[in-house]
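Single-structure report; data block below.
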Amino acid sequence: MITFSTWEWIRASGLSAYFLLFLSVCFGLIQNMNIINRNIRNVLFLMHQTAGWFAFLFAFFHGLLLYFDDYQPFSIREIFIPFLANYQPFFTGLGIIAFYSMFLIFVTTDLMKKVGRNIWKTVHLLILPSFILVSIHGLFIGTDTEETWGKNIYASAIFCFSILTVFRFLSKITVKNNRNRG
Ligand code: HEM
């Protein structure tokens, strides 16, 4: 029977969280574009939310497993407080910040009526810089970055993310300009 070490589980859950976060961000950006048909939007919205929840769960599992690692164990403080870790404090700190921004999104979404739409939206958009932070996190400390396929994953994800972000903001500017003219 094949068994995996804790470090392998940490890597697998980190990559899974990254991929799911990538999907969630992409579905979110696409469903927000005005050129998309309403029915497709609804499906994309559901996929956006589901991928986001699973990304959060995998990221939690990924961070927590570091506590049980024999080779480079993290204390609970090192896992939850950014930049405190002995091992790669800066790059692990970026992962922790991204994790908290996901957490904030869930909290403000649940409390949307209380916090108001503007705060909810600002917090929601925080995931865009957080995605960059988590890409740097994985790229610089991930064991799999040594492999060509590992580097390709980050390069392709950042490429798609950048294109969709530009399109998303351009589509909003075009709609605003058309409204002002009309
Ligand atoms: C949004 C949250 C997070 C995501 C999406 C994420 C994603 C990733 C990815 C993709 C890798 C590279 C894995 C590999 O190359 O095999 C990685 C590595 C790592 N992450 Fe995270 N991470 C997150 C949060 C955290 C947190 C909260 C910690 C806790 C300190 C952490 C600690 C680490 C460590 C120590 C590594 C190095 C593992 C290795 O050597 O491959 N990450 N992470």
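FYI, residue positions are counted from 1 along the chain as it appears here.
Each Cβ is built from the backbone N, Cα and C atoms, and glycine gets one as well.
If you check TrEMBL, you get these features:
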- 14-133: domain 'Ferric oxidoreductase' (DOMAIN)
- 12-30: transmembrane segment (TRANSMEM)
- 51-68: transmembrane segment (TRANSMEM)
- 88-107: transmembrane segment (TRANSMEM)
- 119-141: transmembrane segment (TRANSMEM)
- 153-171: transmembrane segment (TRANSMEM)
Fill in: Outside the transmembrane segment (153-171), six or more residues from its ends: residues with CB under 8 Å to it
15, 18-19, 22, 25-26, 29-30, 32-35, 128, 131-132, 135, 138-139, 144-145
Discussion item. Which sequence-distant residues neighbour the transmembrane segment (51-68)? Criterion: at least 6 residues beyond either end, Cβ under 8 Å.
Written reply: 6, 9-10, 13-14, 16-18, 20-21, 23-24, 27-28, 74-76, 78-80, 95-96, 98-99, 102-103, 105-106
Fill in: Confidence summary (mean pLDDT) of the domain 'Ferric oxidoreductase' (14-133)
95
